[in-house]
């Protein structure tokens, strides 16, 4: 489980190889020599690999449980309705990979070929990759620290044989941490079209989403727009609307106006999806 | 040679509970906050440690946004959210220059702050320390469990919502608990049904039954189901005391019952 020492300052840090916690680490000499600060060769390799991928879209939120994976899956299916459009869905939520379940692909395994890992195809023109396919049981927990998660994301971007793809949609976990930094870093030479940011209407979500928007600005990731999910609930019996997650500070609409970001749309709560 | 833990700043803390989920957005912070409020109403002194560094939700839920953290001889003074000083809180939210500031840190830096939050906050005398966590089974969780291990936490309250995609992640969280030797106090199923305020029809917006089935499968106690309750959501948005202000609301009985079960789990300590 442990690959780096506790208190590792990070291989890119000025203290790399020199900190007290570096003593005894097998990489100490490498880090102290400054090799850790050199750009990762994988970035160029991924740039090459991504030449066959026309558009790359990251689906982000600061907040958990707002519907990133649900949205990613629906977007992928929607784009793939045109059988001439090749779509790829990459799930980089290493700890909580939801895409296999949502796409009905639980239990599928990944196969290796000469040209790399084969994605799991749910349609002829829709391929999926997730750490979920690498786990042998639904109880398997991926208890990894940042560096190991980053390694997996590098492999997903570099070693999966996506082929010719019109749209690569990348589903992410909540937060602004290793997975997000790695995705942006490894794709830095390959041009990401932008990010779609998902939120729910209430302020407790919006306050995390504003942080995610700031993250995008910090790493110069263009924002395509915001989707407000779970907007209203329509009672299946009386058809009247209720707001389960009330937009106490104006919801995504006001946030988007304030931050001058497009609001791409609002999606209601649908028990058929939630169930 | 194992070094005995310096009791230090956790010496006066009687019981530690971690609130976990594998899944995001199931209500960990909500349950942490309501549990703390309910324990306070039961006469207990409670601390909340918010180790969600990327998405610290607790300050707003207790109307404590923008408060400053002061230093004392023993370290950081936690922020008291009420005049009686019966609930104290530490969150990275208090250390940010602006509420929109993103904490864009990799694992090692997150681990370092969490260790500080455990050892350098002067909690004083507490009956309960509730530790709210982000979703997942990664750096924050490992750092928190390792830092708290010498203080023998009571265990973990694991929160899920009823549907399969949540239960799937929460099964992994239960594995995390098993692997790290953290006892599971019980499973809470949140967002369990919505009663339409217009016609009283109950709809299972996020499916039903998953939490109870999971608890049974994993052989851990099921602590209860909390329904979707816009009054609860609004109360958290406004930093109100839901337990005090909305005793007739649909979520109140479930939340009170969960707090009672937590109180009954705490072993009597010989002082």
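Note that Cβ sites are derived from N, Cα and C of the backbone, with glycine treated the same way.
Together with A:22, A:25, A:31, the [4Fe-4S] cluster 1 site in TrEMBL holds one more listed residue from A:8, A:95, which is A:8. Residue A:25 ([4Fe-4S] cluster 1 binding site) sits 37 Å from residue A:65 (ATP binding site), counting Cα to Cα.
The DSSP secondary structure for residue A:8 ([4Fe-4S] cluster 1 binding site) is coil. Rounded to a whole number, the distance between the Cα atoms of residue A:31 ([4Fe-4S] cluster 1 binding site) and residue A:64 (ATP binding site) is 35 Å. Listed binding-site residues (A:22, A:25, A:31, A:68) with a CB under 8 Å from any chain B CB: none. The Cβ of A:238 has fewer other Cβ atoms within 10 Å than any other of the binding-site residues A:8, A:66, A:238.
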